[in-house]
Amino acid sequence: MSAAVVTVRGLRRAFGAQQVLDALDLDIADGEFVAMLGLSGSGKSTLLRILAGLDHQADGSVVVPRSRAVVFQNPRLLPWRRALANVTFALADAGPDAPSRTARGRAALDEVGLADKADAWPLSLSGGEAQRVSLARALVREPDLLLLDEPFGALDALTRLKMYRLLHDLWARRHMAVLHVTHDVDEAILLADRVVVLSDGRVSLDRRVDLPFPRSRGDEGFDDLRRVLLAELGVREEVGHDRGR
């Protein structure tokens with residue numbers, strides 16, 4: 001196992017009387033892809049915001065790499081900037097001169113398959129294209145840790161499948177650590193090295209996904225792991241239920 005790039009110990013975060021994270025411990029190794037599941041209100045997004053440095057009100061110990069980036073469900077593109085300018089905006093505080101920023105931005109757009117959309121306005125992009133620009137904006141920072149907060153939740157099914165393949169290829173090529181927050185059990189199994197479930201502000205289940213890539217629903221071991229994860233989430237799948245395979 002590689003050295004940990006994320007180490008969380010005894011993390012607590014409350015909002016008023018509501019304890020959202022309660023003495024949570026978590027490690028993520030260098031280059032590891034971890035998917036995080038949990039019911040609404042379980043603390044997934046709160047944890048991600050803390051790791052991203054967007055929430056400084058928690059107690060406990062958090063060690064994260066300096067170079068990290070976040071992709072949210074909403075692409076959050078600036079509508080008055082073209083796609084390339086949205087990507088290079090992430091480098092505004094990084095120090096490189098303008099030509100270098102432009103070259104890195106174009107390379108990031110090319111990496112997500114949008115080299116021809118550099119001059120496009122955000123409102124002219126499809127939902128999938130806008131999310132790929134958002135992903136390029138994260139990648140251009142060359143993060144050691146990529147934090148994903150349900151980035152595919154607003155996309156249609158076919159676009160989600162394309163984004164799964166893109167994300168897996170980027171992760172395999174860049175060898176960065178990934179924490180992927182999702183409500184979709186199948187998505188977690190398809191993408192991750194490891195799946196953790198949050199419940200009552202703590203990790204209630206931590207399971208490695210020992211299935212070879214590429215994965216698909218119906219693979220040997222897929223359904224068994226799916227049932228384990230659903231049970232941990234309090235969902236019992238009905239016998240004979242057809243998921244459209």
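Just so you know, glycine gets a Cβ as well, placed from its N, Cα and C.
Swiss-Prot lists GLY38, LEU39, SER40, GLY41, SER42, GLY43, LYS44, SER45 with the feature ATP binding site. Summarising the annotation, Swiss-Prot assigns domain 'ABC transporter' to 6-225 and lists sequence analysis as the type of evidence.
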Tell me, by DSSP, whether SER40 (ATP binding site) is helix, strand or coil?
coil
All-chain count of other Cβ atoms within 10 Å of GLY41 (ATP binding site):
13
Report the residues of the chain - excluding GLY38, LEU39, SER40, GLY41, SER42, GLY43, LYS44, SER45 - with C-beta within 8 Å of the mean position of the site's C-beta atoms, for the recorded ATP site, in sequence order.
THR46, LEU198
If we count other C-beta atoms within 10 Å, could you say which of the binding-site residues SER40, SER42, SER45 has the fewest?
SER40
Determine, from DSSP, whether SER45 (ATP binding site) sits in helix, strand or coil.
helix
